[in-house]
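K.L.:
Here's the feature list from TrEMBL:
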- 2, 24: S-adenosyl-L-methionine binding site (BINDING)
- 219-234: compositional bias 'Acidic residues' (COMPBIAS)
- 235-244: compositional bias 'Basic and acidic residues' (COMPBIAS)
- 248-257: compositional bias 'Acidic residues' (COMPBIAS)
- 5-109: domain 'Ribosomal RNA adenine methylase transferase N-terminal' (DOMAIN)
- 219-257: region 'Disordered' (REGION)
């Protein structure tokens, strides 16, 4: 069966309780699996996964580091996450050219924090994705087109945020910005469509070399976490191209977080 098509909420109902998930994640779909779990966080207890050290560092990264980005913010807000230990390439066959990490995500211990956020996760997703698409720019510049959208409540950021870059903000500050821009909203009981959609999405590239991915440690999520900088010369066209994403999974795999 395809792990990206698992309905964890239905599985939890069948099993009669919260789920504890353990796995050695395929390198090329690590991000898709992890964000898919977030869409079903209400039925999750804990998750323990093996992934590459680079991805684990990005998930656990602190602000003002090069690893800090969308995964750091989202997973640190919605789960209690920590790296348990690292694994040498010698522990695998075939042997990858990368160090792996064993990471624990505690969904249950973070439940009260999630419910107290008072944001729609779809708003938070759009805010962080827009900000980190131009991570080296100040927020006043990178968010200006989002602020002009009809769904936002303000048309200018507070002065203390305008000159900051997205990597300067703590996870809770993105929650505060989301509240300012989109309003405080009760935490939705079910938000399966916020990150990956109810059933996730399969990898579309049928020619993907999975053997090479495992052997060389090449990961799709290294370019799919939505943190790429955009060319400044294209900024003039952004206003016409910008479309607010009001929820649901993206239509293209290369826009995954």
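A Cβ is built for glycine as well, from the same backbone N, Cα and C atoms used for every other residue.
Predicted automatically and left uncurated, TrEMBL annotations should be read as such.
Walk me through where these features lie, including what they touch and how far apart they are.
P.N.:
Counting every protein chain shown, 12 other Cβ atoms lie within 10 Å of the Cβ of residue 24 (S-adenosyl-L-methionine binding site).
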K.L.:
If you run through the domain 'Ribosomal RNA adenine methylase transferase N-terminal' (5-109) with DSSP, how many residues end up as helix, strand and coil?
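P.N.:
Secondary-structure breakdown of the domain 'Ribosomal RNA adenine methylase transferase N-terminal' (5-109): 45 helix, 30 strand, 30 coil.
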K.L.:
For residue 2 (S-adenosyl-L-methionine binding site), list the number of other Cβ atoms lying within 10 Å of its Cβ atom.
P.N.:
11
